[in-house]
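To start, the structure itself, in structure tokens.
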Amino acid sequence: MEFHVQPGGALRGRLRVPGDKSISHRAIMLGALADGATCISGFLEGEDALATLRCFRAMGVDIDGPHQGRVTVQGVGLRGLQAPGAPLELGNSGTSMRLLCGLLAGQSFDATLTGDHSLSRRPMRRVIDPLTAMGAVIESAGAGTAPLTVRGGQPLHGIDYELPVASAQVKSALLLAGLYASGRTCVTEPAPTRDHTERMLSGFGYRVERDGSRVCVEGGGRLQGGEIEVPADISSAAFFLVGASIAEGSDMTLEHVGMNPTRTGVVDILRLMGADIQVQNERVVGGEPVADLRVRSAPLKGIAIPEHLVPLAIDEFPALFIAAACAEGETLLTGAEELRVKESDRIAVMADGLNTLGVTAEPRPDGMRIVGQPEWGGGRVHSHSDHRIAMAFTMAATRARDVIHIEDCDNVNTSFPGFVELTREAGVAVARQ
Ligand SMILES: O=C(O)C1=C[C@@H](OP(=O)(O)O)[C@@H](O)[C@H](O)C1
Ligand SMILES: C=C(OP(=O)(O)O)C(=O)O
């Protein structure tokens, strides 16, 4: 499926993007391992979160929904999962695969994890190695890539691990394995990464100790199910923050957006570039900060993106590259080599697409240099099956002189079902072909 996006348009109105993907995954996982029921609202009904949901059904967990974002998980307790009858299919979802490696390492049964073409190429050594040091046995069919088989019945012990890369997925995998390990499992991060696992564990009554950049759990506790309200995903809101910033005459409000400080790098970076974003109606919902974001178009200027903001905006760079492409002057991103191992190589793929539109974008091993220009041409760009690339180039059409065709857009459903409808409602003429 392709997107054809007409040039121009302005983004206006109020809308709420779907639920946070990271929190939706964790709500199913911790809900399943808890004692008692967990009632989730605002659950992301996108393919990645649904893949996690199906896995836990396949391991014997009774899950009702989703019905308009409502899901009820009947927790089976930390020792109550059952062996799945077939390999667990995780589609495009790196978060599902890495977190499940940790969670499954503590079970009494074997399980095999598979993914699509993109997920089968992503690096899994980053979880296999530290989990092996905890006593887990995980076999890779390739060179540290999926399919993976996690062998059950292995006694785990806590470790004290320094993350070589800033990764919330690796941190979370180790903390989940730590629930099953003897002693303490501690993870030290080189820079802050999203902390939804820690927050939700605490919310479920599990003791989590944080000391600066080090976070620890001790095995042998219990989780108590409860209510989880999932905020709108700031990573999905990011496309509208960029679109409304760059499309002249825009004024829109994004409602109920998750504003966890480990996720708001996109707002900080856009503001450094001159964007007009107001944070309104700040509140805390279910242990996570939430706000409405009003964004109006504003002239942007190029910047050197501060490296400490990179992990706090890691999924938002495809959108941010579009903002940089129309900023006055140069934007330089460094310290972002992680972008090369996402659903696609987001540095190479975005540079190719921007070059096709006539924008100077030079890929670097750890980032990109982009020279802004007021507008660009149309053309045919390839998303390489990466949802965030497809959505970023949709917003690029607001500054294009001609139609932008975006190839291979089916995967937009992994994180943002209804993207086309909401984007049209906002004022950008995108059609599926
Ligand atoms: O923990 C999570 O939910 C995620 C962590 C990030 O990945 P890394 O841990 O690989 O940085 C992010 O890119 C991904 O979309 C979701
Ligand atoms: C990198 C992403 O997700 P995952 O790692 O879960 O595939 C993303 O959603 O941008």
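Including glycine, each Cβ sits where the backbone N, Cα and C put it.
What TrEMBL annotates here:
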| type | residues | note |
| --- | --- | --- |
| ACT_SITE | Asp315 | active site, proton acceptor |
| BINDING | Lys21, Ser22, Arg26, Ser167, Gln169, Asp315, Lys342 | 3-phosphoshikimate binding site |
| BINDING | Lys21, Gly94, Arg122, Gln169, Arg346, Arg388 | phosphoenolpyruvate binding site |
| DOMAIN | 5-421 | domain 'Enolpyruvate transferase' |
Worksheet entry | Candidates near ligand 1 among the binding-site residues Lys21, Arg346, Arg388, judged by a Cβ under 6 angstroms | none
Worksheet item: Which binding-site residues out of Ser22, Arg26, Arg122, Ser167, Lys342, Arg346 lie by ligand 2, going by a Cβ under 6 Å?
Response: Lys342
Worksheet item: When a 10 Å sphere is centred on the Cβ of Arg388 (phosphoenolpyruvate binding site), how many other Cβ atoms does it contain?
Response: 28
Worksheet item: How long is the line from the C-alpha of the residue listed as 'active site, proton acceptor' to the C-alpha of Arg26 (3-phosphoshikimate binding site), rounded to the nearest angstrom?
Response: 18
Response to the item:
Cα-Cα, Arg26 (3-phosphoshikimate binding site) versus Gly94 (phosphoenolpyruvate binding site), nearest Å, comes out at 13
Worksheet entry | Candidate nearest Ser22 (3-phosphoshikimate binding site) in space, where candidates are the binding-site residues Gly94, Arg122, Arg346, Arg388 and distance is Cα-Cα | Gly94
Item to complete: Among all chains shown, work out which of the binding-site residues Lys21, Arg122, Lys342 has the most CB atoms within 10 A of its CB.
Response: Lys21
Item to complete: Using Cβ-Cβ distances, find the residues under 8 Å from Gly94 (phosphoenolpyruvate binding site) that belong to the same chain and are at least 6 apart in sequence, listing them in sequence order.
Response: Leu119, Arg122, Gln169, Lys342, Glu343
Fill in: Distance from Arg346 (phosphoenolpyruvate binding site) back to Lys21 (3-phosphoshikimate binding site), taken between C-alpha atoms, in Å
19
Worksheet item: Roughly how many angstrom lie between the C-alpha atoms of Ser167 (3-phosphoshikimate binding site) and Arg346 (phosphoenolpyruvate binding site)?
Response: 17
Fill in: Intrachain C-beta neighbours of Arg346 (phosphoenolpyruvate binding site), sequence separation six or more, cut-off 8 angstroms
Phe317, Pro318, Leu339, Arg340, Asp386, Arg388, Ile389
